[in-house]
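**Student:** Sharing the record's features from TrEMBL:
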DOMAIN    8-459  domain 'THIF-type NAD/FAD binding fold'
BINDING   29-34, 53, 61-64, 77, 122-127  ATP binding site
BINDING   163, 166, 480, 483  Zn(2+) binding site
ACT_SITE  178  active site, glycyl thioester intermediate
REGION    298-320  region 'Disordered'
DOMAIN    356-419  domain 'Ubiquitin-activating enzyme SCCH'
DOMAIN    491-567  domain 'Ubiquitin/SUMO-activating enzyme ubiquitin-like'
REGION    580-650  region 'Disordered'
């Protein structure tokens, strides 16, 4: 045994260490946690690692993702991380994949290749996807995440511990359209407006008004929405001006005319239009229209709340736009951002994004960034979207949001703060990532040992007295819509297999298969239900149900668990004349669902003034619905309602009669007949 492996073998034991080299691990994510985790599992001795990540390396990654260098910017994270980490242990095989984990080739069969999956992801959607795939493939998963000084590690084992979806996750915060577009009150409102509305309006795809249609459906203020529609129409002329090539003889001063037109439209005319709606400003402070020429000349009076905060390290942004006596203009603004021109001893480069900009500085930055973006569009870039690492879009959103804040009397934000908020950046700390990566490896080793009692949910807390909190694993949530489903897989040719064939094949288990009524979904799409079977004869391919997707077969009565059918491909050696559908053996047998216990009503408190309920009264409360007369076979065949719907209606106290001649037995005096 080499010196490299001696310590790991002594700590883990010969048996476990010997199995590590044969263990196949899937690591999803090569970011802050992923880089630390890859280094850890390579040095621990895991022998066969597949590393998957969709992202490329940005400059902002280099402060915490230590497998990357400046020369690697714009390259694949997975490829570079694998190359760097391979040097740590030449005995380890690392297979990098630059792709999206949700692509169809990464189906249930692909996940089954691995003994263990380690998540190092940064978004909720991908985490949920990997969680579901691990439930379907019955592969242990270790989930993780960090947020500043906080972190969490969660081992997930089907049927033994909670899955990622057992506990509902908070939905991302959204803001009403009218708040963003008309009545902002916080800096984040202005930043969201600049990033998600103004930038796409000017340099993105031409909007079709769908957002306003949806806002109208949600019942937002109709007069505000009408004003916003008028405003959107006026944007078309501004978009055209930005995309028009300037005349070769145009002077440098006229090259900013399009930027000035945008400014005047957005920060002057639109605000005047809003001010004309007096009712809107009865209970809130009205905005102040901005004047381009006055701001540039330094004579515009800003609302008090919009004035910038004092500058750090003695660097000041004056209201007249001069920075320590230097000339104004977009070049001066860029000098300010780049940290030049400050007094001796100022650490300009380190704090360039943290300086607050004056109103005039924001105006010059707005003009400069608008001109740069317009030049990119005229050069052939069809649409431009916000990217926190795109200097042009970040400058535009910074300047536009601060100008809007000035108009509404809201304090402005520094370029760094705008980048943090617009890019949804959660502060990442390398030390937290390193701690979490170490904890992931410890939980992974417990899973490989099958020491399930030793598994723990571990939290890194901002508490010096107890920085780590370990919690015993909780059992699965009985009503979880992911891990409590029954999973199976069919192999098929989607071009030749119909939806009905798959459903009939899966429901072939059990004697009551014919009596069960089911609905079929693909994600949130309804493909079939007991009253609508138009799609049953269509092929899976025509329904866009192909490899990597799931068909959800839901029991209409709610008595049995949902069956999740993963769609896989036929093996390469499958005979051409063989059936195009290969069903699983044995067929899935979904268990009966656990029903929530109804709350027991408390008995009425006896009172001298009130009569105690008689036994007949109590019996009447708990009695079943009134009975119906039996029907003949010919009558039953013409029933317009499915049995499941009839049962649900009867539970609600509504009885559907199949003909005028049918009578209700034991009719209660409170029953009302409707013709």
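These residue numbers are counts, starting from 1, taken along the chain as shown.
Glycine is treated like the rest: Cβ placed from N, Cα and C.
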**Student:** With every protein chain in view, how many other Cβ atoms are within 10 Å of the Cβ of residue 32 (ATP binding site)?
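**Tutor:** The answer is 24 other Cβ atoms.
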**Student:** List only the single closest residue to residue 480 (Zn(2+) binding site), chosen from the recorded positions 29, 32, 53, 122, 178 by CA-CA distance.
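**Tutor:** Minimum Cα distance from residue 480 (Zn(2+) binding site) across 29, 32, 53, 122, 178 lands on 122.
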**Student:** Note down the number of other Cβ atoms within 10 Å of the Cβ of residue 163 (Zn(2+) binding site), including every protein chain shown.
**Tutor:** 24
**Student:** Which binding-site residues are spatial neighbours of residue 32 (ATP binding site) here, meaning Cα within 10 Å, out of 163, 166, 483?
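**Tutor:** If one measures from the Cα of residue 32 (ATP binding site), no binding-site residues come within 10 Å, so the answer is none.
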**Student:** Among the binding-site residues listed here (53, 122, 125), identify the one with the smallest other-Cβ count within 10 Å.
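**Tutor:** Selected from the binding-site residues 53, 122, 125 on minimum Cβ neighbours within 10 Å: 125.
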**Student:** Taking the centroid of the Cβ atoms of 163, 166, 480, 483 as the Zn(2+) site, which other residues of that chain lie with their Cβ within 8 Å of it, listed in sequence order?
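**Tutor:** Nearby residues not in the site list: 131, 135, 162, 164, 165, 476, 477, 482, 484.
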**Student:** Using a 10 Å radius around each Cβ and counting other Cβ atoms from all shown chains, which of the recorded positions 29, 166, 178, 480, 483 yields the largest count?
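**Tutor:** The residue with the most neighbouring Cβ atoms within 10 Å is 29.
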**Student:** Could you round the CA separation between residue 483 (Zn(2+) binding site) and residue 122 (ATP binding site) to a whole angstrom and send it over?
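**Tutor:** So the alpha carbons of residue 483 (Zn(2+) binding site) and residue 122 (ATP binding site) sit roughly 22 Å from each other.
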**Student:** Other than its own, how many Cβ atoms are within 10 Å of the Cβ belonging to residue 63 (ATP binding site)?
**Tutor:** 11
**Student:** Do me a favour and check the Cα-Cα span between residue 163 (Zn(2+) binding site) and residue 125 (ATP binding site); whole Å is fine.
**Tutor:** 14
**Student:** Using C-alpha atoms only, work out the spacing between residue 166 (Zn(2+) binding site) and residue 125 (ATP binding site) and round it to an integer in Å.
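**Tutor:** Pair distance, Cα basis, whole Å: 15 Å.
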**Student:** Across the domain 'Ubiquitin-activating enzyme SCCH' (356-419), what are the DSSP residue counts per state (helix, strand, coil)?
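**Tutor:** Counting residues per DSSP class in the domain 'Ubiquitin-activating enzyme SCCH' (356-419), I get 42 helix, 0 strand, 22 coil.
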